[in-house]
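Quick look at what TrEMBL lists:
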- 28-51: transmembrane segment (TRANSMEM)
- 44-295: domain 'G-protein coupled receptors family 1 profile' (DOMAIN)
- 63-89: transmembrane segment (TRANSMEM)
- 95-123: transmembrane segment (TRANSMEM)
- 143-165: transmembrane segment (TRANSMEM)
- 199-222: transmembrane segment (TRANSMEM)
- 243-263: transmembrane segment (TRANSMEM)
- 275-294: transmembrane segment (TRANSMEM)
Amino acid sequence: MSGSNTTDFINPSTFILLGIPGLEAAHVWISIPFCTMYVTAILGNFIILLIVKRDPNLHGPMYYFLCMLAITDLVLSTSILPKTLSIFWFNSREIYFSVCLTQMYFIHCFSAMESGIFVAMAFDRYVAICDPLRHSTILTNPVVAMIGLAVVLRGCIIILPYPFLARQWPYCRTNIIPHTYCEHIAVVKQACADIRISIYYGLFLTVSGMGLDIFFIAMSYIQILRAVFSLPTKDAQLKTFGTCISHLCAILSFYVPALFSYLTHRFGHNVPLHFHILMANIYLLVPPMLNPIINGVRTKQIRDRLLQLFTHTGA
C-alpha cells in the first residue's frame, strides 16, 4: 500500500494548496483586505497606464519606467490572487503541476523584473539630478527601450532554472503545499531528493540579483544626496530631494517585505508558518497597491492629469 502511495507522487498531476495553515477559519476574513489590495492595485496601475498613454507630455523616461512598473505589478498581483481567493472562498485547493510551475515562474520572474525597474528608476533620478543638462541626451527613447529589454531578459533568463529544477525532482512524500501559491522553496521542499541545488541557486539569485540591485540603488542615492546637499539653499535641497521621495517609498515597500519574507523562510525557523505565508502574500500585494498611489500623490504631473481625467469624466 505504501509503495502505491509513493508511486502516485513520483510525478504528481496536481498539488494541493492549503492556504494559510492554522488560520483556515479566518480565510474569508483575510480575503477582504487581500481583495481590497488587489482591486486597488488593478485600478491604480491601469489608471497610471491610461494617463501616460493619453498625455504626450508624459512620454519621457520617468513615465516609461512607471508604466513598466505598473505592468509588472499587474502581472505579479494577478499571478497569485485569483487562485488565493478561490482557496479562501470556494476551498478550491487543487492546482495542476504544470500550472503550479508556471505560476512559480511568473511570480519570481516578474519580481526580478520589478527589482530591475527600480534600479532603472534610480539611474533616471541620478541623471536628472546630478547631470540634468544631459538627461535628455543620455536617456533617449532607444536607450530606455534597451534598458527595459535588458530588465525583461534578465528576469526571464535567471528564473528559468526554477521550474526546470522543480520539475525534475521526484515528489514521493506528499503533494500538499502549505501555502497560498506555488512559491519556489515551498514546492521543492515537498520533493524526496537532495534539493540543495535549488536552495543554493535561490540564495545565489538573492545575493547576486536583489543584492546587487540594492547596491546600485544605494550608490545612485549616495550620489543624489551629495548633489542635493551641495545646493545653495535649504528650499532648493528639499524641493530637489522631494522629487525622489516617491521612488524611495516604493523601493522600501518592495524590498523590506521581500527581504523579510526571504530571510524568515530560510533562517527564521521559530517564525510561525502562518505569519511567514502572510508576509509572502503581503510582499506580492502591497507594492502593486502602493506604487500607483505613491506615484500618483507624489508626482505632480500625474496628479494633475488624474484630476483632469475625473473632472472630464464627471462632466
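Backbone N, Cα and C atoms are what each Cβ position is placed from, and that goes for glycine too.
Long-range neighbours of the transmembrane segment (275-294) within the same chain, counting only residues 6 or more positions beyond its ends whose Cβ lies under 8 Å from a Cβ of the stretch, are 20-21, 30, 34, 37-38, 40-41, 44-45, 47-48, 69-70, 73-74, 76-77, 79-81, 84, 107, 111, 114, 178-181, 183, 246, 249-250, 253-254, 257-258, 260-261, 264-265, 268. Two recorded stretches are said to be in contact when at least 3 C-beta pairs lie under 8 angstroms, sequence spacing 6 or more; the transmembrane segment (95-123) and the transmembrane segment (28-51) fall short of this definition. Between the transmembrane segment (63-89) and the transmembrane segment (28-51) there are 3 or more Cβ pairs closer than 8 Å, counting only residues 6 or more apart in sequence, so the two stretches are in contact.
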